[in-house]
Every structure is written in C-alpha cells, then in structure tokens.
Amino acid sequence: MSKLRKKYLEHLLCVLIFFTYVIGYGEAQSKSFLVDCGSNATTEVDGRTWVGDLSPNKSVTLQGFDAITASTSKGSSVYAEIYKTARVFDAVLNYTFEGITQGNYFVRLHFSPFAIENHNVNESSFSVFADGLRLMLDINIAGEIAHKNLILESTGHNATASSLVKEFLLPTGPGKLVLSFIPEKGSFGFVNAIEIVSVDDKLFKESVTKVGGSEVELGLGGRGIETMYRLNVGGPKLGPSKDLKLYRTWETDLSYMVIENAGVEVKNSSNITYALADDSPVAPLLVYETARMMSNTEVLEKRFNISWKFEVDPNFDYLVRLHFCELLVDKQNQRIFRIYINNQTAAGNFDIFAHAGGKNKGIYQDYLDPVSSKNDVLWIQLGPDSSVGASGDALLSGLEIFKLSKNGNLAHLIRFDSTGHSVSDSKMRIIWISVGAGIAIIIFFVFLGILVVCLCKKRRSKSDESKNNPPGWRPLFLHVNNSTANAKATGGSLRLNTLAASTMGRKFTLAEIRAATKNFDDGLAIGVGGFGKVYRGELEDGTLIAIKRATPHSQQGLAEFETEIVMLSRLRHRHLVSLIGFCDEHNEMILVYEYMANGTLRSHLFGSNLPPLSWKQRLEACIGSARGLHYLHTGSERGIIHRDVKTTNILLDENFVAKMSDFGLSKAGPSMDHTHVSTAVKGSFGYLDPEYFRRQQLTEKSDVYSFGVVLFEAVCARAVINPTLPKDQINLAEWALSWQKQRNLESIIDSNLRGNYSPESLEKYGEIAEKCLADEGKNRPMMGEVLWSLEYVLQIHEAWLRKQNGENSFSSSQAVEEAPESFTLPACSNQDSSETEQSQTGSALHNSA
C-alpha cells in the first residue's frame, strides 16, 4: 500500500510540474504581441506567429475612425508576408495591448510603403505616441527610406532599402500599453506590423561611463530609448531568426566605415562563450564569432584608426554599446588600444583579454555621449595606444547606438520629403532655383555687354604676348590687412597689385619673368605641386630667384596659392623663405622668392647623388627649421600652424641655412577662447598627426608631431613611408620610435654618420623626437622647448668635436651637468626678435639670406 501511495504522489507531482510549466510558459508568451496590421489571418514569419488585427483577440484592441486596410502582392524581405497588408488611417488610431506586466519592452513598428487606393504614400505624415511618450513626429515614411538610401549611395553601396523598422525600448507598468497613431491635419498614416517583445531587465545597466568623465546614472525607469544602429562588425547581416531571444536585426558595418580597407574581417566560431553568464540577452554568440581589426596591409599609417561615422539627431544623449571578443591573442598585454567617441577618449589602455578574463569570451562596454544641438554626426574610432608596448592594433565585434528620450520626446525634428532631402532643404532649393534663374538672365546680358566691349577693344589694341597668355585664369582676391601682422583682418578684398607698395615687394613685368626663366624653360624647373611649377631664374643684375607660376585650372592649387600669398605678405624671418615680389600681368599669377641654392633637406639625406650632410649640419638644419616654426607659432596674436612640415618643405641656402617654405596649407591658430581649429585633415602621409586625423582638430602640436618625424628622417636618412620594406619598417615614425624606446636608436641611423657623432648628443636627440611623437598633443613639447633642446644637443656635439680635436675647454659631460631640469624659452631670440618687430610694423621686405 505504501508503494502505491508513493507512486500516486510521484504522478501527482509530475502533473503539478507540468501545469506550472504550462502556466509559466503562457505568462511568458503573454508578454509578447505580434500584430499583422490590416490582416484577418495568422501568419508564420521568422518562426513566430503573427496575428491579424482584424482577428478576434482580447489582448489587442483596435480603436479609431475610418481605419481601412490595404494589401499588395509585393515583397522579398523576411517580413514580406506581413508587409502585404497595412492599416491605413486619416484620424487618430489606437492600439491597446492588455495584460502587460511591469518591465521593459521592445516596441517595433514596421512600415513598408506600397500603392494604396486614393492615397499617395509619398505624402503621408503622422506622429506616434506610447503612453504619452512621443516616438515619432510628422514622419514621412517614404522620405525616411529615401534618406537612408541616399546615405548608402554616398558611401558607394547599393541603395536597396524599401521598408523601415523603428525600434523603441519602453519601461511599462502593469496593465496595458496604448500606441497612438495621429495623422497630420489633411494627411494620413499607415502601419504594416507591430511587435511588442519583453526584454530582460539585465539588458541595460542603470550606471554607465560618460565619455571623458565618470560614472553616471541613466534614469532608465522614466526614459524611453530608440535603437539608432545595431551592427555585426566584421560579420554578415543577422536576421531576427539568428537572435532568438529578442529577434533583433544586426546590420553589417561596411556602409558606415569611413575607410573600408582600414580594417579586415576575422572569424573564430569555436568555443565562443559569454564572459558573464548573465550577458546572454545582450547579443547572440554569432556577433562575437566575427570581428574587424585594423589592417596592416592596406593602411600605410598604422597609427591611424578604424573609424565609423553615424548620422544622429542633435541635442540628445546617446548610449553607445561596444561588443568585444578576443579571437586571436591568448594572453594579456598583446592587444591594447584606445576607444574614441565623438573625438573624445572613452577608454585608454583597453585590453579585451584582460577585461573578459580570457580568449573567446564575449563582453560589452557602455558609454554615454551627449550630442550637442550643433552636431548631427557621431564618430566611433579605435586606435592603438602608442604609450604601451603592445601590438599596434584594435578589434571590435559589435556596435549599438541608442538614443535616450529627452523631456518625453524621442522624435527627431528633421523631416524628409519623398526624395530623402530635408523639407527645409527642398524649400530652399525651390527658392534658389527661382533666384538662380533670375540671376542667370541678368548675368547673361551683363556678359553679353562685356563681350561686345572687349571685342571692340581688341580691334583697337593687340598685345604682343597675347598668344602666350594662359586660358581660364580668374582674378585673385586677397583678404588681408597690410598694416600689422597682429591686427585683425578687415575682410576687405584687395587685388594683388594693390599690395605692391606694402607687403608684396617688387612688382615684376611678365617680360622680366620670361627673360629670367628663358620663357619658362622646363630645363629650369626645380619643383612642381598642385599650384603649378617652380623655376630657377636670374635677373639682369645676376640675382638668382625662385619663381612660382600658378596653373590656371587648379582650384585646389589656387586656394593654396592664395593662402601662401596671405601668409608670406605678413611674415618676415631669417628661417622662413622670403617673398621678393610678384607678377600679375595678362592674368598670370606669379610669386618671386629668394633662391635657395642647396635645395631641399631631403635631397641631402637620400634619393640623390649629393654629398651627405654631417651630423652637425643636420642638427643646424633642424634647429633652423625649428626656429622658423617657433616664430610661426608665437610671432602673432593667434599664431600660424604650418600643417605640412616635412623635409621637402625645408630648404637650404648657399650657406646651408635652413628655412621653412610652402605655406599653402597653413592655418591661423585658435583664438584665445579656443584650444584648437576644427578643419578637414590635410597634410602629407607619414607626417600627419594621428590625433589631428582622429579628431579633425588642428593645434600647433600637430606641427610638433610632424617635426618629430622630420627628426627621425634626418638621422635615419630614409623615406617616411616605404611599402617595399618589411611590415614593421614601412612607417619610419613607428619603426624608429620602437628602437628609440629600446634606447637603441644608433642601430638604425644613417651609415654615413657612424663614428662621426657624439653618442650623448644622439641619445638626447632621440629623446626629443620621441616626445614630439607622443600620441596625444598635450604630452608633446611646445616648439620653443624643442628648439631649446636641439640647441643643447648641438652644444653637446660641438663639445665632443672639440674634445676629438684636443680642445678641452668644454666637455660634453659638463654640458650635461649644466642642463637645467626644466626650461622656458622667450618668444624669439635676439636676432629673430628684431625681425618680428619689423614684420609687425609692415616695413619693406629685405633679403634675409
């Protein structure tokens, strides 16, 4: 009897367990709602059952007037079946979802425009609210899709989007959830499908790291979230069926990369796990099986980073979630990198292996970034941390960007028309087309009148040299103030010849220029650039000059030409190439400089048959160019940033005095209340400041970085980028820096220097170059400090030379002992200060050679 009772109790227990499971499963299922709008049937899509909103359903009720259904046979996406119908409304429409338990829910709204009888989907406009939270405002679905395709086209990808899914995360109390669709007055709206999916509370943490700051509380209990982007970095697109917990879609990252070949895809599908078991809802393991890491073969400047660029709505807070999984290295300190979000350092010294506790373990990091009202772009960038000894590489597996609600709003204020352009832009285009047409008519008649006058003048007068005039050149206007170098520009437009009496020096005739260059003989060409050619010339009195003749058709060259004129008309210094004069006859644009007899510094280092420079000559050349740069940075109120410091822009005169040249890319420094100048990245590969490249923020420290590359180039005598060398030697800055950090720079110096330099001077020289190449500008010295240090290095070397020659009046060890621990440098040396004063008073140009 006891056995029978025991068996009975076992059966009863099994039945209770079964019913407990069924009830629990039913409650879990009741948390999710899948609605096929405009349909009266149930449809199986992505392994889930979607119920038509016309089917009897106590959990979902539909309230609204004049709501109609529409259907189509089109569709090829995973959701094609539920996109065949839609709910169309021209009055307020409410969907009420009953039986909601307290917690967080993904609300996904599906839109797929198609032809609807008596309605033009291109003109639909409506708003959506969820329990008082505004999700969308006067949205035009066709315009949103067209705008997405425009972005894809701009990045060179196929524009194939035909539908739109808006995903929101909403904190909801127990009871019900009401979604309200409100058409704009006189318009209508539509929706194809709605899904409400319960979300684990562990998906988002309340406390996150603010970019550039400390831990902050998100306050998610009272805020809604919109998913802006969700990417499977380095891997294929993952549809909802690949993310069975939350049925999310993970796009590929290629269309958002700034430079696609900056990163390569890596994959490892074996034994991938979560670092923490609770992280399973965060992302499917498939996301962690692939990644993108920095490319060593396609990107010459390995210090640069992988960058992704995203269009966002201004004036919102954004939660950036980055997914990582170390797939290759098998111990700590092998891959260490930095994370940058919108030009700020979010994390430094980031080691995936250390954070995850091993290889093949998926982790994620959250960062909060407030985007200002003036910014509509969010940058995500990863780059190696040069301050540590790990490999120069970075890796990312996944990326998500979430917008946080502000004052009960998630809707963006920018509206797009059916072409994908903002409504304000469309209106302005119509206005400008009308205005442009009127202006074109006026210009036509003005041009016609000018043409008649010119033809009449041509009949009366012919120029002997008209046959040599270059075509297509436009007059050059300058915006400069010719009173003092420190005075602010007035913005007045001055033609070149109006500057002759002030800062531009002598005005040459075209006949004089032709005579000096033997009619622009190519045999006298000594340089060429985007602006045109540079010729060696000789005046009647035997004075040698350099003549820069601009190419009429080069707009880029023209802009640089104008910049150089503005800069040189304000600058006078012994270590800057001097402007002698100009010529603007017959629409020519010609500048005349002092002739630098010994050419570029690079030509004396490698690539020519010229005799190599001694160590002392190289130091003196570096000191001279440093003096010129120091003057640029400090010689005026805002200073000037050269932006193209390299050995081909350092010229040597007949006495090997070094002078900076080529100011076509130069930029005025930041004003007193700013720390940098925001500008597009320009410069020469191999010399570019990586921080400037990442943030597009220019400072004088960018010149310091480039000068650090010059220092290594001067001592190693090789190209800064040489793709024919082994990978670790391609980039001179990285290669030399690695040897310098080992305190073994002498192993890679120019063989012509061996035995002819002071070891102590080389050691100090290497330390200066290393400081110049610090990854962050704030850790680099000022150019004045670099100048002082180089002068000190020269003293050490000269003391060594005297000792070698038997002169013991001053030893290199004494020089080391006398060096101060810290130092400051006045704005200019005595010799240069007089030149600065002369520049500021706008006195006549003199030849400083």
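Quick reminder: no glycine exception, Cβ is built from N, Cα and C everywhere.
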Candidate set ASN268, ASN482, residue annotated N-linked glycosylation site in Swiss-Prot: ASN268
Annotated N-linked glycosylation site residue, as Swiss-Prot has it, among ASN57, ASN756: ASN57
Inter-residue Cα distance where the pair is ASN305 (N-linked glycosylation site) and ASN271 (N-linked glycosylation site), in Å: 29
Spatially closest candidate among ASN57, ASN122, ASN305, the listed glycosylation sites, to ASN94 (N-linked glycosylation site) (Cα to Cα): ASN57
Spatially closest candidate among ASN40, ASN57, ASN158, ASN305, the listed glycosylation sites, to ASN268 (N-linked glycosylation site) (Cα to Cα): ASN305
Of ASN122, ASN343 (the glycosylation sites), the residue whose Cβ has the fewest other Cβ atoms within 10 Å: ASN122
Those glycosylation sites listed as ASN40, ASN158, and which of them has the most Cβ atoms within 10 Å of its own Cβ: ASN40
Between ASN343 (N-linked glycosylation site) and ASN305 (N-linked glycosylation site): CA-CA distance (Å): 12
Closest of ASN40, ASN57, ASN122, ASN343 to ASN158 (N-linked glycosylation site), Cα positions, glycosylation sites only: ASN122
For ASN122 (N-linked glycosylation site), the three-state class that DSSP assigns: helix
Integer Cα-Cα distance in angstrom, ASN343 (N-linked glycosylation site) to ASN57 (N-linked glycosylation site): 51
